[in-house]
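The following features are taken from Swiss-Prot:
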BINDING   Thr13, Arg83, Glu84, Tyr135, Asp245  sn-glycerol 3-phosphate binding site
BINDING   Thr13, Arg17, Thr267, Gly310, Ala411, Asn415  ADP binding site
BINDING   Thr13, Thr14, Ser15, Thr267, Gly310, Gln314, Ala411  ATP binding site
BINDING   Arg83, Glu84, Tyr135, Asp245, Gln246  glycerol binding site
Amino acid sequence: MKKKYILAIDQGTTSSRAILFDHKGRITGMAQREFTQIFPQPGWVEHNPRDIMTSVYTTITELLNNTQIDVRAIAGIGITNQRETTVIWNRQTGQPIYNAIVWQSRQTKNICDQLTTAGYQDLVHAKTGLLMDAYFSGTKVKWILDHAENAHTQAARGELAFGTIDTWIIWNLTGGQVHVTDYSNASRTLMYDIHALRWDPDLLTMLDIPAAILPDVRSSSEIYGLTQTPYFHGEQIPIAGIAGDQQAALFGQACFEPGMAKNTYGTGCFMLMHTGKKAVESKNGLLTTIAWGLNGEIEYALEGSIFIAGSVVQWLRDGLRMFGKASDSQAYADRVSDNGGVYVVPAFVGLGAPYWRSDVRGAVFGLTRSTTKEHFVRAALESMAYQTRDVLSAMQADADIELKELRTDGAAITNDFMAQFQSDILAVPVLRSQIAETTALGAAYLAGLATGFWSSREEMTQHWAINRCFKPQMDKEQREHLYAGWKQAVAATLGFRVA
């Protein structure tokens with residue numbers, strides 16, 4: 001039968017999606033299912049790994065039922081996932097020994113503090129390109145092994161398996177036959193040497209984690225195994241692509257050359273710049289990460305993570321009740337010609353790149369009696385653009401590459417005011433992608449390359465299309481004046497201590 005589709009499984013922090021793409025990279029069907037978030041203590045975030053798989057299976061079933069396609073027309077499956085989230089399970093039974101600890105969770109902060117005090121930060125940064133932070137998988141693995149009954153003994157005997165969510169999904173889809181991850185996900189674990197391309201024995205010793213629990217690390221585009229579940233009507237479909245969500249979005253945006261960058265405007269912002277086959281060490285508060293591994297070669301990226309972006313709009317809507325729908329924010333911002341001197345620094349959970357200060361909290365500056373709701377909303381939207389410039393400035397300094405354009409996706413950038421202001425503050429064109437689901441598209445592309453569904457990256461570049469291009473309209477003097485005000489507001493925020 002002719003292969004007409006690639007299936008992408010996009011497993012995110014709050015929901016799972018199954019999306020079908022055709023040969024032109026167009027969406028032909030989609031299903032989505034949310035699952036329960038677990039908050040055992042303040043700052044802790046967990047998922048039931050079984051709930052994740054149930055949501056994956058449900059979306060596959062709904063998609064196939066809704067589209068009525070012949071399963072045999074699916075050439076392959078690509079998987080993209082919330083990164084860093086950690087699962088450990090029993091190899092024999094397939095049962096998790098504890099909940100999945102989510103990337104957002106801060107429950108391993110004490111472990112990070114102890115390792116930093118012990119002097120391990122430089123070792124971690126040199127080998128992994130990351131920081132000693134609870135964000136990454138390594139300390140989550142240690143926490144589970146330390147707290148689950150008899151876990152260290154079982155792990156040492158090789159009875160347990162660790163995986164990020166991609167690994168957990170593939171294990172289940174293949175009936176427990178395949179225990180793998182890809183370079184992009186391995187590079188986010190705090191245990192993988194991104195230069196030597198191996199699980200690092202020094203880092204494993206530091207964390208007291210036995211190598212026996214680790215998955216094989218493979219390229220981001222190859223056939224890892226075949227499905228062995230009833231959800232595909234008994235058909236064995238190749239699982240052929242893996243990438244962490246932000247790297248998948250970089251691939252889906254066709255950022256294939258050094259200096260090309262994308263920014264995803266979701267709850268937070270994740271900006272990645274392709275740096276080619278060279279791992280660029282950041283001296284400006286960014287992360288060095290593996291973008292993907294293809295055709296025997298590794299390509300790298302610089303990443304800046306902004307903790308609060310689109311969620312500032314949710315705060316205005318739900319917390320302050322300034323408007324009824326998130327989309328109303330654009331109309332409020334457009335009613336005033338400027339921010340009225342108001343700056344919102346949305347450090348609700350601290351500041352991410354390039355500051356990395358988890359101890360600071362949000363602040364608002366410049367309020368007067370003439371400040372209106374419209375000024376406040378505009379200032380909150382502007383904060384996303386300022387934070388993106390903070391990250392871009394660090395990227396350009398680290399990579400010594402001048403950005404020519406910024407490719408964007410995510411819900412917040414559908415706001416035309418936000419997109420135009422972003423272009424003005426960066427002084428570069430902002431290109432909004434025609435397809436919003438660039439993360440899933442990236443996973444589909446990787447699977448399509450491995451199965452021959454697509455022939456080359458050049459073919460994918462031809463498929464990439466712009467919804468709209470926003471070009472800078474602000475003069476340099478005004479741009480720098482506004483950004484100077486932001487830097488002053490951030491400096492004041494960093495200096496404030498909560499009693």
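Each residue, glycine too, has its Cβ placed from N, Cα and C.
Taking Cα separation as the measure, Glu84 (sn-glycerol 3-phosphate binding site) is nearest to Gln246 of the binding-site residues Thr14, Gln246, Thr267, Gln314, Ala411. Under 8 Å, Cβ to Cβ, and six or more positions away along its own chain, Ala411 (ADP binding site) finds Tyr265, Gly266, Gly310, Ala326, Ala436. Cα distances from Thr14 (ATP binding site) to the binding-site residues Asp245, Thr267, Asn415 are smallest for Thr267. Of all Cβ atoms in the shown protein chains, 13 besides its own fall within 10 Å of the Cβ of Ser15 (ATP binding site). For Asp245 (sn-glycerol 3-phosphate binding site) paired with Arg17 (ADP binding site), the C-alpha to C-alpha distance reads 13 Å. When the binding-site residues Asp245, Thr267 are scored by other C-beta atoms within 10 Å, Asp245 scores highest. Using CA atoms as reference points, the binding-site residues Ser15, Arg83, Tyr135, Gln246, Gln314 were checked against Thr267 (ADP binding site), and the closest is Gln314. When the binding-site residues Ser15, Arg17, Gln246, Gln314 are ranked by how far their Cα is from the Cα of Arg83 (sn-glycerol 3-phosphate binding site), Gln246 comes first.
Neighbour list (Gln246 (glycerol binding site), Cβ cut-off 8 Å, at least 6 residues apart, same chain): Arg83, Thr264, Phe270, Leu272, Glu303, Thr439. Of all the binding-site residues in the record (Thr13, Arg17, Tyr135, Asn415), the one with the smallest CA separation from Gln314 (ATP binding site) is Asn415. Excluding Arg83, Glu84, Tyr135, Asp245, Gln246, which define the glycerol site, the same chain contributes Gln82, Thr85, Trp103, Arg188, Gly244, Phe270 within 8 Å (Cβ to the Cβ centroid), listed in sequence order. When the Cα atoms are compared, Arg17 (ADP binding site) and Tyr135 (sn-glycerol 3-phosphate binding site) turn out to be 23 Å apart.
Within 10 Å of the Cβ of Arg83 (sn-glycerol 3-phosphate binding site) there are 26 other Cβ atoms, across all protein chains.
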